[in-house]
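See structure below.
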Amino acid sequence: MTNIRKSHPLIKIVNSSFIDLPTPSSISSWWNFGSLLGICLALQILTGLFLAMHYTSDTSTAFNSVAHICRDVNYGWMLRYLHANGASMFFICLYLHVGRGLYYGSYMFKETWNMGVILLFAVMATAFMGYVLPWGQMSFWGATVITNLLSAIPYIGTDLVEWIWGGFSVDKATLTRFFAFHFLLPFIIAALVMVHLLFLHETGSNNPTGIPSDMDMIPFHPYHTIKDILGLFMMILALLSLVLFTPDLLGDPDNYSPANPLNTPPHIKPEWYFLFAYAILRSIPNKLGGVLALILSILILIIIPLLHTSKQRSMIFRPLSQCSFWLLTADLLALTWIGGQPVEHPYIIIGQLASILYFLIIIVIMPLAGLMENHLLKW
């Protein structure tokens with residue numbers, strides 16, 4: 001008799017995706033982040049669902065409803081901090097996942113890579129709208145500043161901003177629609193994840209060497225499931241440590257003050273995971289130029305497969321490319337730091353230099369390093 005997991009119409013899809021999936025035997029722990037991201041998404045949807053049961057998306061009650069969740073709802077504080085810090089874990093895993101793709105040349109699977117970039121945009125949009133919901137000072141002013149950037153679009157900009165706001169300023173209509181979209185988008189993200197996996201399973205996984213591994217495959221279960229569970233435990237340990245010991249470590253103290261349109265905080269900044277893009281935005285004096293640089297800082301990932309010049313796929317045997325990769329990593333950390341600093345003398349110039357370097361590394365230095373390594377191979 002045929003095993004039910006291989007014959008049942010539904011179970012066989014799960015079987016071919018997560019159990020009998022042929023996987024390269026050499027993939028390292030850097031390949032764990034896909035499964036961790038799936039778990040992060042599930043955690044965010046679950047905690048978000050329970051939070052939505054108690055939250056009210058009205059400007060007069062939103063802030064108090066969040067306080068009510070923390071004080072009066074059973075384990076409401078834990079739900080709230082799991083959701084807020086779960087978003088941070090989500091972005092840590094996302095950035096490591098993208099970094100792994102860059103380092104090992106996984107971007108050569110163009111459909112999977114492009115789907116991943118779309119997913120990154122969707123997650124960023126969801127996180128931004130979620131940050132507005134507690135209706136604290138930073139929520140309100142963050143929403144005002146970021147949505148206002150669209151007014152830089154020629155001709156239709158102002159109308160577009162007022163259309164998004166649902167009025168002449170960030171108000172009740174804005175909060176209600178942001179809550180609606182924040183609730184809806186994770187389910188769209190879950191559907192996009194299915195497409196991402198569909199494209200991935202068309203080609204099979206890449207591996208650290210970057211060479212085809214068709215002759216050396218092992219089943220996903222039990223080998224990689226065990227490895228993924230280790231990563232899961234480590235992530236849960238980190239998340240629970242954050243939630244139970246320092247839940248506000250990554251938040252902004254200003255968000256504990258109710259939103260006040262008449263009082264601007266001294267330094268408006270987004271959550272830490274957007275600071276690198278925010279620093280790039282601020283480093284350009286022109287509004288439209290800043291908005292374009294902000295969008296391009298993420299959209300540039302789309303053209304990375306076109307900028308691949310090396311004969312080798314992975315960076316594992318390419319020292320020059322490795323140097324440029326770690327320079328990019330350091331540059332992103334510098335941008336993240338700058339994004340959190342006030343706009344004054346040393347920080348402005350550091351931010352501008354780091355922004356130029358960011359685009360320079362991706363567009364010029366990395367392709368040149370690949371070409372140089374090709375020549376070195378001939379020696």
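Backbone N, Cα and C atoms are what each Cβ position is placed from, and that goes for glycine too.
According to Swiss-Prot:
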BINDING   H83, H182  heme b b562 binding site
BINDING   H97, H196  heme b b566 binding site
BINDING   H201  ubiquinone binding site
TRANSMEM  33-53  transmembrane segment
TRANSMEM  77-98  transmembrane segment
TRANSMEM  113-133  transmembrane segment
TRANSMEM  178-198  transmembrane segment
TRANSMEM  226-246  transmembrane segment
TRANSMEM  288-308  transmembrane segment
TRANSMEM  320-340  transmembrane segment
TRANSMEM  347-367  transmembrane segment
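Shown on the structure are the features that Swiss-Prot records.
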| residue | record | Cβ neighbours (10 Å) |
| --- | --- | --- |
| H83 | heme b b562 binding site | 21 |
| H97 | heme b b566 binding site | 20 |
| H182 | heme b b562 binding site | 21 |
| H196 | heme b b566 binding site | 21 |
| H201 | ubiquinone binding site | 14 |
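Here the transmembrane segment (113-133) does not touch the transmembrane segment (320-340). Their Cβ atoms form fewer than 3 pairs under 8 Å, with each pair 6 or more residues apart. For the transmembrane segment (178-198), the partner stretch with the most Cβ pairs below 8 Å, chosen from 33-53, 77-98, 347-367, is 33-53. Using CA atoms as reference points, the binding-site residues H83, H182, H201 were checked against H97 (heme b b566 binding site), and the closest is H201. The transmembrane segment (33-53) makes no contact with the transmembrane segment (320-340): fewer than 3 of their CB pairs lie within 8 A, with pairs spaced 6 or more apart in sequence. Rounded to a whole number, the C-alpha distance linking H201 (ubiquinone binding site) with H182 (heme b b562 binding site) is 29 angstrom. Tertiary neighbourhood of the transmembrane segment (347-367): same-chain residues 279-280, 282-284, 293, 296-297, 300, 304, 307-309, 321, 324-325, 327-328, 331-332, 334-335, 338-339, 341, selected by CB-CB distance under 8 Å and a gap of 6+ residues from either end. Same-chain residues lying 6 or more positions outside the transmembrane segment (226-246) and placing a CB less than 8 Å from one of its CB atoms are 29, 32-33, 35-36, 39-40, 78, 81-82, 85-86, 88-89, 93.
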